[in-house]
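Peer 1: Feature table excerpt (TrEMBL):
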SIGNAL    1-25  signal peptide
DOMAIN    39-149  domain 'Ig-like SoxY'
DOMAIN    178-265  domain 'Sulphur oxidation protein SoxZ'
Amino acid sequence: MKTYPIFKASCLIIAGLIFANLALAAGEEDAAWNNVLKKKYFGDRNIDESTSPIELTAPYRAEDPALVPVSISAKIPQTPSNYIKTITLIIDNNPVPFAATFHFTPESGKADIATRLRFNAYTNIRAITETNDGKLSMVKSYVKASGGCSAPIGADLDAAMARMGKMKFRLEGDKLALNQPNQTQLLVSHPSISGMQMDQISRMIKPAHFVNQVKISFNGKPVLSAETDIALSTDPNFRFYFIPDKAGELKAEVKDNQGKEFSYTQAVSP
């Protein structure tokens with residue numbers, strides 16, 4: 001019997017405890033960020049915490065630590081001369097603090113994004129923005145939630161695996177509004193197993209199996225892309241914007257950490 005999944009899960013749990021204890025030992029919420037994470041993910045780059053082109057929304061106390069809604073709202077429009085390039089989400093006290101990096105283009109219309117994430121301990125979540133001039137800024141929000149990364153897998157894992165990779169787009173309205181930002185949601189069926197979760201049937205820790213790359217395009221032009229990790233919830237979804245100039249096709253391309261690839265195309269029209 002292989003013990004690697006259990007060993008890996010133990011390492012992730014220990015890592016999570018280390019990050020949590022950094023904050024507790026220092027007596028401050030920002031210890032893990034200041035001592036480890038800022039340097040790890042951004043090196044010596046300056047990050048402005050006084051102003052930011054985005055707003056971050058997350059619940060102070062989460063109802064379900066494995067399905068915590070997190071949303072980003074941009075304060076500036078996406079224009080060719082001035083736009084948000086990336087937004088990176090860091091969850092300080094998660095076993096893997098990196099949650100996601102989202103890439104935007106002027107065709108995004110708005111650099112807004114909403115999704116659901118796992119939180120394994122009381123922690124800050126940080127949204128670090130990079131604009132097209134290379135400047136970094138950050139906002140943060142404190143979330144009280146615990147156990148989200150190790151929450152048990154649902155009883156019907158076989159059914160979840162059978163529908164893995166099924167996707168659909170959901171437009172805010174019935175039809176496209178041309179030449180303006182349209183809110184759209186991509187829904188992805190995927191178990192998104194963190195590598196810390198126990199199978200309710202076998203009582204074994206399942207190996208990590210999660211979405212780690214998403215690409216969305218409209219008529220062949222990139223609209224949104226993302227790199228993600230174990231913080232992404234089961235059956236992930238992403239709410240975003242894009243600006244269509246005519247009828248066409250939205251396409252989603254999704255990969256996971258086990259090398260599986262999925263693709264879906266949906267026609268949309270005014």
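Each Cβ is built from the backbone N, Cα and C atoms, and glycine gets one as well.
In TrEMBL, annotation is done automatically, which means it is predicted and not curated.
These figures come from a predicted structure and were not determined experimentally.
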Peer 1: Can you break down the domain 'Sulphur oxidation protein SoxZ' (178-265) into helix, strand and coil residue counts using DSSP?
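Peer 2: So the domain 'Sulphur oxidation protein SoxZ' (178-265) is made up of 0 helix, 48 strand, 40 coil.
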Peer 1: Using DSSP, how many residues of the domain 'Ig-like SoxY' (39-149) fall into helix, strand and coil, respectively?
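Peer 2: Secondary-structure composition of the domain 'Ig-like SoxY' (39-149): 7 helix, 54 strand, 50 coil.
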